[in-house]
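Everything on this sheet refers to the single structure shown next.
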Amino acid sequence: MARVIVDVLPKAEILDPQGQAVARAMGRLGVSGVADVRQGKHFELEVDDSVDDAELERIAGSLLANPVIEEWVVRRVP
Amino acid sequence: MARVIVDVLPKAEILDPQGQAVARAMGRLGVSGVADVRQGKHFELEVDDSVDDAELERIAGSLLANPVIEEWVVRRVP
Amino acid sequence: MSRIGVITFPGTLDDVDAARAVRYAGAEPVALWHDDADLQGVDAVVVPGGFSYGDYLRAGAIAARSPVMGPVVEAGRAGMPVLGICNGFQILCEAGLLPGALVRNHGLRFVCREVGLRVEADTAWTSSFTVGQEIRVPLKSGEGRYVADAATLDALEAEGRVVFRYTEPAPNGALRDIAGISSADGRVVGLMPHPEHAIDALTGPGTDGLGLFTSVLRRLTAAA
Amino acid sequence: MQASPPAPSSAPPVDTVERAASTPDEAQPHAALGLRDEEYARIRDILGRRPTEAELAMYSVMWSEHCSYKSSKVHLRRFGETTTEAMRARLLAGIGENAGVVDVGDGWAVTFKIESHNHPSYVEPHQGAATGVGGIVRDIMAMGARPVAVMDGLRVGPLDAPDTARVLPGVVSGVGFYGNCLGLPNIGGEVVFDPTYAGNPLVNALCVGVLRHEDLHLAFASGTGNKIVLFGARTGLDGIGGVSVLASETFDAADPTQAPSRKKLPSVQVGDPFAEKVLIECCLELFGGGLVVGIQDLGGAGLSCATSELASAGDGGMHIDLDAVPLRAADMTAAEILSSESQERMCAVVTPENVDAFMAVCRRWDVTATVIGEVTDGDRLRITHQGATVVDVPPRTVAHDGPVYERPYARPAWQDTLQADSVAGRPRPSTPGEIAEQVRALVASPALASRAWVTEQYDRYVRGNTTSATPADAGVVRVDEESGRGVAVAIDANGRFCQLDPRAGAQLALAESVRNVASSGAVPVAVTDCLNFGSPEDPAVMWQFAEAVAGLADGCAALGLPVTGGNVSFYNQTGSTAILPTPVVGVLGILDDVTRAVPHGLGPEGHAVWLLGE
Ligand SMILES: Nc1ncnc2c1ncn2[C@@H]1O[C@H](COP(=O)(O)OP(=O)(O)O)[C@@H](O)[C@H]1O
């Protein structure tokens, strides 16, 4: 079994209202020094060792993320 | 400026309906070899160098995650 | 009598309403099941609203990959009229039948209210209206903000594929106030607001929504 | 931290009935579980031995205020006493069932009930409110009905109180999230602001369901050999905060690494409305196929409640095997499995020959279903875990024969002062300027401001039968598309009136709710109530409660309307300050034809405006 993390973020050119709302809330709460926030999704998968990197890319790009609006990073963790 | 990542996941003992729905969907979509999926949130922050780790913890625990039902990890990235 | 399929996925909510609208328009609604890759010989398909699979992952993402969607995509590409309402629109985009995507409302909240829509294109689902006509129907969604890259938006507008536009600034922040679009041949249409909730003044804002269903019926009977 | 490392991890001994009998003096944390010494002694009396851990968990949760109504029972009897046969004429099921069921004509019946989810909604507003909606919807499903609408009565602190900014948006998004995703139109509710709710908001959710008379299902387990099926979500460690004192005792010693996380179990449950929507459709298909003998929802007190209530309502005994329960967490103890409040679960009694068909329906809806036991001869509820008997009790003693308290009550000394403090001597606006100023203040007050911010987050169109929702005096839904038969529902309460005079205040809430239903054109026929009060241990609160119940019962009798069910929520207070006494009253009315309902607001120009009454 391997642990795989897939992080998905809205593409830079897509408005990220959630991230912006968080950034605004920081200002209201008196947190200063945070210039920008982007919010996406974080997936942790338990996968069989038989699943190779190409298959993981396919799962990420065809199901976990929507390539029209999102970008993603896949990494295996120990 | 530093880049900081905060990953938020539902606590292990708390129901993760999204992760479970995704895991089930994988089976139906003919993706095999994925045993478990957990889904959470992924934040990328741009912060001033003046913001220290304690402050980051505070931001994560009060704004980005809901400590009642979620746990989180903060890390600085180069 | 024309037969119009209405798909039910786990978590679909407005299938009863869509079937009622089909009936009011004078066609026979045929229940289609998500797990069954059989369109039962219907003449057109409605993908209704709701929260298929709880909107988990992304709205419409899991439903778009169910068995029934294979033949729907195939038939839609071959010219069968397909209407996606709200979650159905999200599903059609996720399935690649329509371009772009629907994301979280810019206000981050679910919005339920009556909206005005301008009909901007003559399609299989809008031929009962005149281009430029304004109609009133309910909108109710949390992820209804239509987005696509600028090139796609320009192309949609140039090709007359923006079918519905909000008459006021889009309550969800949709780019260029787009409420609904169509395929290049004008047979596959998706929109966020709910025409099936505007078929009777007793339960909705009026009867404007019925026009979508009578349109397709006209198209089908003319073709027959 | 423990000084010496534990012995190699060996599972703690399972506390079986046998073991309990042979270790009568083993200390048990009954007080930490909320049981008083005499209650604990009574359990030992009933069983003739000390209870096992699992039994203690069951009794403690079932004998809690929330489940046993131990402080309110003596007063609630008043409803039964004042309800005449004539008032009962329309009732197919009344108080005591999951929800009351009212005959609305043409073979249709309607079931409705209101319930509170106050404390969880303060801890985690979004999930607390969401699971509150989920819980009341399952009550309605358990009657055999299709849920068709929800309403929500919300009470929070002042708009500018810091907690309100956290609680109100969270509660509204939670109510919307769950109800919208279930496809239930929200047809009305209330939003009330008052400082006494600042640390203790009230979230009262009402659900309406529709069924044909022949589809009425009651919660009982009968027929020896019939199977008990648990279906819906898996059982996890949610909401077992209280019972973790049991776990910590045994687990601390055995495996200290496990103890900390176990001990700090949140009592928060996370709702999965998608799972519940699928469960609704699955249940309706099961009912339609005649595959269910009896059914019970799992809410507070989880399996403890469902098994003991099903068994005590039936005519036999019951055996449950906890090893068959599908779990979400590893190594759950019997006490934890029995107390888990995991959401979106139901328990059904099914004849052996129907089990396969039952399972097939569940598979079609992708709902997990498992036979966890059966109805047996005799009159004991026996529960086994890991092959050994961990519970062996007379089910009625758990479900119905809990303690009953005659709590002292007394009219508080401050009541006279409060009542004497009238507006008589206050300055009144007299100049046009002052009056204008006052009108502006009223219009701008949160109490009267538009509720659109709330109601726009709720779907009111889904299912296409809502003929009146916001803004309206009552929500109206069509029950039968052919005939246009429908029902109107309103909920109302005014805590400030009740504070001044709990008896009259409760009657005013009833009268307002009845008026709202009547002014939609419906004939009021039944009442449900959600009685939100402070601590019953405070004689002043208990007096408010007794007065309000008496007032409501008398009011209902005067109007000829039966109370069909409801909910009591005590201990709503911040420190020693109780909330305003808040008996929320829901009224159901019948319309023969919804097209003839009276619309809200002014009609066309030229119509006359009449004022009725003095
Ligand atoms: N929490 C709520 N949920 C749903 N509807 C609500 C809620 N609060 C208020 N409403 C609706 O908004 C409308 C206006 O509410 P309110 O100002 O309390 O009016 P009224 O005094 O006539 O009851 C009513 O239709 C009411 O049912």
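Cβ from N, Cα, C; glycine included.
In TrEMBL this protein carries:
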- C:Cys86: active site, nucleophile (ACT_SITE)
- C:His194: active site (ACT_SITE)
- C:Glu196: active site (ACT_SITE)
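Feature map: TrEMBL annotations on the structure.
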residue	record	CB count, 10 Å
C:Cys86	active site, nucleophile	30
C:His194	active site	30
C:Glu196	active site	32
Spatial separation of C:Cys86 (active site, nucleophile) from C:Glu196 (active site) - C-alpha basis, Å: 11
C:Cys86 (active site, nucleophile) and C:His194 (active site), Cα-Cα, nearest whole angstrom: 7
Per DSSP, three-state class assigned to C:His194 (active site): coil
